[in-house]
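Asks: My structure is below; once you've seen it, I'll send some questions.
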Amino acid sequence: MYKYTDDKGQLKCSFCGKLQDQVKKLVAGPGVYICDECIELCNEIIEEELSEDLNLEMGELPKPKEIREILDQYVISQDQAKKALAVAVYNHYKRINLGMKMDDVELQKSNIIMLGPTGSGKTLLAQTLAKILNVPFAIADATSLTEAGYVGEDVENILLKLIQAADYDVEKAEKGIVYIDEIDKIARKSENPSITRDVSGEGVQQALLKILEGTIASVPPQGGRKHPHQEFIQLDTTNILFICGGAFDGLDKIIKNRISQKTMGFGAEIRGKNDVQVGDILKQVLPVDLLKYGLIPEFVGRLPVIVTLDALDETALIRVLTEPRNALVKQYQKLFEMDGVTLEFKEDALVTIAREAIKRETGARGLRAILEEIMLDVMYEIPSRNNISKCIITKDVVLRKEEPLLLTVERKKKKEETA
């Protein structure tokens, strides 16, 4: 049996055997003692093992094709965007694993800017990428940001969200992904630099520059504004991947104007105004168009990878409802299954839901709201009735012309007997 004291009755560490007066602190547990030196050694061992787990080894890092295949399971359509994101993310983490500086080449960070209408899958793509790579992920809204000294959030609060997502593990957070939404809302209000202060536009772009490029940021652990008597978390943003997204309404007109200037004159191809879809126009975006939109040159320069997304058409929205692993129809069917009920959506119902989302101009994001409106009453009713076997949603249910068709157990039995 282990003795916790020496011959003189002095307490000692159960692990290294050092006496109480030979160490700074001796912590008591149920039938055991541990000194501060052993605690420190244990912490070092744990940190070392965790840091090894954090490093995405080249063998473990998914290849661009593998990343694209996993994205396909969650995000419908947007093939070109998925390909571009897969390559950009692969190169980013390859750069981290191999070290930023080679003998002859310095690899720079490839932050991403995503352009696409509301509900086209920008946020979902960024979330899924973080899930694939098993890295911390944070979402921030650019509209809530202001430059330092004004009412609103400091840009450092974005980094705090990432640290919180990493359970305050700074090393883990330093390899995470940050998605900044509504980035188009911080565009400069006019093309010419303003004399007055634009605290939520150009000022925020200036404030974001350093963290996008890579800096040691001082992050207030409780959020809010900085004050001098506060302790800060030091976070290196060099290896954090920033993905900025926005709808950029009106950008297509800027691109059109640039293209039309080149296609004027003899021999120019004559095309109708509505011949080209907005998504096809956005694919021709250049950094100069983003500058004209109101982003400052330094900001555009720190987002070298430009990815464009298409508006989802009726066919794509129906696929969003039914195909992904987390498809809304599958989710509702699972919820009904838990109550012992089979849920069926008729094809015409899915088409009507998709058309309603297009009419509302909400894209895939609006599908959930439409389904909630349709399903609320029946989801309220079914748990209280134990004789329902099936619920059928038709086009007329979506259009509010009739109630969902509920089949009872008795009706089901009768059908089986007549068959």
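Just so you know, glycine gets a Cβ as well, placed from its N, Cα and C.
Feature list, courtesy of Swiss-Prot:
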type	residues	note
DOMAIN	1-54	domain 'ClpX-type ZB'
BINDING	C13, C16, C35, C38	Zn(2+) binding site
BINDING	P117, T118, G119, S120, G121, K122, T123, L124	ATP binding site
Asks: Around K122 (ATP binding site), how many other C-beta atoms are within 10 angstroms of its C-beta?
Replies: 27
Asks: Quick check: which same-chain residues outside C13, C16, C35, C38 lie with their CB within 8 A of the centre of the Zn(2+) site CB atoms?
Replies: S14, F15, G17, K18, V23, L26, Y33, I34, D36, E37, I39
Asks: For the C-alpha pair, I'd like the distance in angstrom between C38 (Zn(2+) binding site) and G121 (ATP binding site), rounded off.
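Replies: The Cα atom of C38 (Zn(2+) binding site) is 50 Å away from the Cα atom of G121 (ATP binding site).
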Asks: In whole Å, how far is C35 (Zn(2+) binding site) from P117 (ATP binding site) when you measure between their Cα atoms?
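Replies: Rounded to the nearest whole number, the Cα-Cα distance is 59 Å.
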Asks: What does the structure give for the C-alpha distance between T118 (ATP binding site) and C13 (Zn(2+) binding site)? Integer Å is fine.
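Replies: For T118 (ATP binding site) versus C13 (Zn(2+) binding site), the Cα atoms are 61 Å apart.
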Asks: Given the binding-site residues G119, S120, G121, L124, which one's Cα is the least distant from that of C13 (Zn(2+) binding site)?
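Replies: Checking each of G119, S120, G121, L124 against C13 (Zn(2+) binding site), the shortest Cα distance is to L124.
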Asks: Near S120 (ATP binding site), which residues of its chain come within a Cβ-Cβ distance under 8 Å, counting only those 6 or more away in sequence?
Replies: Q78, L309, D310, A311, L312, G363, A364
Asks: Relative to the Cβ position of P117 (ATP binding site), how many further Cβ atoms are located within 10 Å?
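Replies: The answer is 20 other Cβ atoms.
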Asks: Applying the rule Cβ within 8 Å of the centroid of the Cβ atoms of P117, T118, G119, S120, G121, K122, T123, L124, what extra residues of the same chain belong around the ATP site?
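Replies: Sorted by sequence, the hits are G116, G245, L309, G363, A364, R365.
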Asks: Roughly how many angstrom lie between the C-alpha atoms of L124 (ATP binding site) and C16 (Zn(2+) binding site)?
Replies: 51
Asks: May I ask you to report the DSSP-based helix, strand or coil state of C35 (Zn(2+) binding site)?
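Replies: Strand, per DSSP.
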Asks: Ranking the binding-site residues C13, C16, C35, C38 by other Cβ atoms within 10 Å, which is at the bottom?
Replies: C16
Asks: Whose Cβ, among the binding-site residues G119, G121, has more other Cβ atoms within 10 Å than any of the rest?
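Replies: Sorting the candidates by Cβ neighbours within 10 Å, the top entry is G121.
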Asks: Just counting, how many other CB atoms are there within 10 A of the CB of T123 (ATP binding site)?
Replies: 16
